[in-house]
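Participant: The structure follows.
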Amino acid sequence: MTTTVAPTSAASAPPGKSAGKSGRPKAAKLFRMLPLSPAIGLMLVFLAGPIIYCLYAAFTNMALTGTGAANVKFVGLDNFRKAFGSGAFTNAIWLTLVFTLISAIIGQNTLGLGLSLLMRRSTKVVRNFVGTAVIGAWVLPEVVAAYLLSAFFNDEGTLNVMLHAVGLPGQDWLYAAPIIAVSLANIWRGTAFSMLVYSAALSEVPKEIEESAEMDGASGYRRLLFVTLPMISRAVMTNLMLITLQTLSVFGLIYAMTRGGPGTKSQTLPLYMYEQAFSFSQIGYGTAIALVMLAIGAVFSLIYLRGLNSEAA
Amino acid sequence: MTRKRFKAAAAMSALLLLAVSACSQGSTTKQPEAGSSQSAGPAHIKIAYQQWGPGVVMKNFLTGVKAEYESANPGSTVEILPIVASENDYYTKLQLMMRSPNTAPDVVYEDTFLINSDITAGYLRPLDDYIKNWDQWGQFEDTAKGAAKALDGKTYGIPDGTDTRALWYNKQLFAKAGLPADWQPKSWDDVLSAARTIKEKVPGVIPMNVYSGKPMGEASAMQGFEMLLYGTKDTLYNNDQQKWVVGSQGFKDALNFVKTVYSEGLGPSPKQALDPNMGSKVGTELLPGGKLAIALDGSWIYGNWQKTGAKPWPQWTDVLGQTAMPTQDGSGKGKVSLSGGWTWAIPAKSKNPDAAWNLIKTLQTQKNAAKYATDGAQIAVRKDVANDAGYKSSSKSTQFFTDLVSVTVYRPAYAEYPKVSNEIITAMEAVMTGQSSPDDAAKTYDEAVEGIVGKDKTTQGQ
């Protein structure tokens, strides 16, 4: 599911150039729209179409088998009532929030920022080496990454071997702490994105400002907190928004590593939705959960967008 | 002549040849002889079945039937569609295919537990008009005829066998543990104490396997859970009141059994048990490898060890014993078994229903039915197959499992059953992984069932 909400550029366009004042005949304007029509048509069919269908299905009892397959009926808010009354659903919401908080907002975000700050000060060799390693994890296809990481976290996997080597007890990570394991996996995989965004943003920060802060006696920590971070705050917000939305909808990584299990211990919303819709055949209920996910994504986006706008003001 | 032109010429002539042969085939096709079996005319028929794990019995059987059908119906082709998917995914894929005439196969293999749900969904075509003129239908046992009969009184599938369930045990491992070769457990406690003895005396083997959890789908619900539940005083469905049973002690007791097996280490590790390949692992690795002492499993698993099977193992007749699963405390009939089975059905959106029916008839000649019952390790549902000498002598265990038919129970395979089954395996997985207590999992199940069938269609258990 893609729920990327781009900040609208129309709002920032200069008012003088807005349409409708030029006095051209309408036909000419329509004619100018003509080349766009195939693109608009495609968007309507392939982007708006499924979304509208999803909106419809969420309020029905649509299913792959049984009564819901023969005659699809409107059931009003039943699917949502069922969801919010169900322990499995609340468990999934909770796990989704934990997963997003640990792996995106804390893990990828701070690690990405940290790496890009360190890389700014390091030599070219180190920079290239670290950059290649981190981006390598990001370039790997999701299923390959998931496979590597399940080998890493496995009972007899690399992590436990390393822990045993230094005399620490290991555990079956994928079984005992699956949500931690998949969160770490997602950090491993997604940090590169944050690192790239922050590297780009930091390269725009003029050296002079930091130097003058240094002259004024600001320590490294204070320079970061009061000079560097405020200057890249827009990048922080944009990055947070993007990685939050990406992480909310992570499916393949978790499915390939744990299938949401054991039990429901790593069953985030996308996995719960998949199970209900495609393993248990409840398409209507599954799409209702998809809508809830959309809503959660929208709430996060709104928060970040507000953050962006207040920075801009 | 350049290479390119040569290639083009070759391609052209190949195309021409194809076209010519196709034409000639069409024009020289003999008119099918007058008679019932070949009235459909040449057609392309697609037949779908589940292919998962290393088993090849169904594939070989269908390949033989395909050749037989194609030579009897010149011009017709049979396309075998193996749907490579685990238990739950198979049904999903099949249902998605049956939704559209463009993808609907002509003949599908349907489990009897799901068939009512798929009939309600309108996916299948009633076969009564065909059966009416079919001389073989009289050979089927009455219970088998009822297996694919819907509430509307119509028949939607032709069963090709049934099965029963019991305990398989490894006599060699039993001897090592000092347990009797002729094992006759009388209660759940007997079963558990044997497993505990194995655990203590024969380290390194899995004492007992009870399928559990979502990845194994209906196998968990039926071989695992219902084999336990139907040994208590409770059931899933109250036939007298026509209501689903909730809040029953038997349900909690069955979950407690699962909990005991997995928390005491009497079973595979929960992680192993949650592998979607567990079913084929038990049949092709754990039992033949002497890695598993007791298996609560189906009558058909010896099919793996026949010459035609995935893991030929002729010694199984000496190594393995079979004994009935006892009821909880030995009361009632003292033993319990459940029966299911599969049927061949024709999707409502099939484009060639007549040809599909002819193919089903070919699948169900006495010869082919006996072949599949033997190779597929089925319990025969046809009288002529049950009396077939080859079938009767096919396996030492055939008689044992056939005798269990006298105590066997059928699942309440109503349209809601698949949904209820999903709640059962969810409860099992919660218990086996220690996520919920049996009481909490049973409570979640009760609420879910009330949501599925409606509160007025549920009744309290004992």
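The first residue you see is number 1, and the count goes up from there.
In case you wondered, yes, glycine gets a Cβ from its N, Cα and C as well.
When I checked TrEMBL for this same protein, it listed these features:
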type     : residues  : note
COMPBIAS : A:1-22    : compositional bias 'Low complexity'
REGION   : A:1-24    : region 'Disordered'
TRANSMEM : A:39-59   : transmembrane segment
TRANSMEM : A:92-117  : transmembrane segment
DOMAIN   : A:94-304  : domain 'ABC transmembrane type-1'
TRANSMEM : A:129-153 : transmembrane segment
TRANSMEM : A:173-198 : transmembrane segment
TRANSMEM : A:240-258 : transmembrane segment
TRANSMEM : A:278-305 : transmembrane segment
Participant: What stretch, picked from A:129-153, A:240-258, A:278-305, has the most CB pairs under 8 A with the transmembrane segment (A:92-117)?
Facilitator: A:240-258
Participant: Check the transmembrane segment (A:240-258) against each of A:39-59, A:129-153, A:173-198, A:278-305 and return whichever range has the most CB pairs under 8 Å.
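Facilitator: By Cβ pairs under 8 Å, A:173-198 leads among A:39-59, A:129-153, A:173-198, A:278-305.
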Participant: Please report, as numbers and ranges, the same-chain residues at least 6 past the borders of the transmembrane segment (A:173-198) whose CB is under 8 Å from any CB of it.
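Facilitator: Tertiary neighbours of the transmembrane segment (A:173-198) are 95, 98-99, 102-104, 107-109, 111-113, 115-117, 119, 131, 134-135, 137-140, 142, 145-146, 149-150, 153-155, 157, 159-160, 232, 235, 238-239, 242-243, 246-247, 250, 253-254, 257-258, 261-262, 265-266.
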Participant: How about long-range neighbours of the transmembrane segment (A:39-59): same chain, 6 or more residues beyond its ends, C-beta under 8 Å?
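Facilitator: Distant contacts of the transmembrane segment (A:39-59): 74-77, 79-80, 283-284, 287-288, 290-291.
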